[in-house]
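Quick look at what TrEMBL lists:
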| type | residues | note |
| --- | --- | --- |
| DOMAIN | 5-195 | domain 'Cytidylate kinase' |
| BINDING | G9, P10, A11, A12, S13, G14, K15, G16, T17 | ATP binding site |
Amino acid sequence: MPLVIAIDGPAASGKGTLARKLADHYGLPHLDTGLLYRAVAFALVEAGIDLGDHAAATRAAETLDSASLSDPRLRDRAMGEAASRVSSVPEVRAALLAWQRRFASDPSGAVLDGRDIGTVVCPAADVKLFITASALERARRRHRELAGRGEAATLEGILADIEARDARDSSRSAAPLKMADDAVQLDTTELDAAAAFAQARAIIERARLAVG
Ligand code: CDP
Ligand code: CDP
């Protein structure tokens, strides 16, 4: 029986870290869907095309190749913001939807993390987790992460970025960030990555027992 785990949540909530640990644990392929939107934005920036050019963003999404997803520059701070802009274009989302669904249809199942996995990409996922943490704690995490990569930024600047991105991702009309009705919420403000993983596993095991 395939096991599909959908993980959603706002920026720096720890969903990617958790998704990687769960994929490892259950031996499943993992897709960080934020990278797809980052890659579309990156393609435009590299070509000197304005992020507001919806036709160009749609073409970039339609021609996205998986090799481009491993570029470390996709993780730059500016790319999170740029990805959030192109991700509000419905045609971009439609082009990336088929890609994500193909990935999720692996015979063993898959772990996908993003903003709309439980609501749009995999509405029939076996388990849906919605990962949260306070905006300040998320800003602290991103700050540490960027410092580790040598990217200088103030905590206040990152907090402002995160709050602006949360607001844009939650208020857009195409697949906004919102918890699916049948998702389980996990607040990681006070949890480190290992504790979040332990709680997520307990939720998944309960869900699997419930379906027999
Ligand atoms: O790692 P972080 O949470 O900062 O960002 P990300 O997951 O890489 O996502 C970057 C941006 O892509 C988000 O702010 C969303 O606007 C968009 N995104 C989306 O719309 N839908 C997804 N399934 C994943 C990301
Ligand atoms: O994918 P998302 O943007 O939601 O967050 P992430 O990249 O998985 O995590 C952001 C940072 O927070 C990483 O450096 C993690 O090691 C750290 N962290 C975590 O992932 N989970 C916790 N419960 C606590 C910290």
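From the backbone N, Cα and C atoms, a Cβ is placed for every residue, glycine too.
Just so you know, TrEMBL annotations never went through curation; they're auto-generated.
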DSSP three-state assignment (helix, strand or coil) for T17 (ATP binding site): helix
Of G9, A11, S13, K15, binding-site residues neighbouring ligand 1, Cβ under 6 A: A11
Beyond the site residues G9, P10, A11, A12, S13, G14, K15, G16, T17: chain residues whose C-beta lies within 8 Å of the centroid, for ATP: L18, D113, I131, A133, R138
Residues satisfying Cβ distance under 8 Å from G9 (ATP binding site), sequence separation of at least 6: K15, D113, R115, L129, F130, I131, T132, L177
Most Cβ neighbours inside 10 Å, all chains, among the binding-site residues S13, T17: S13
Least buried by Cβ count (within 10 Å) of the binding-site residues A11, K15: A11
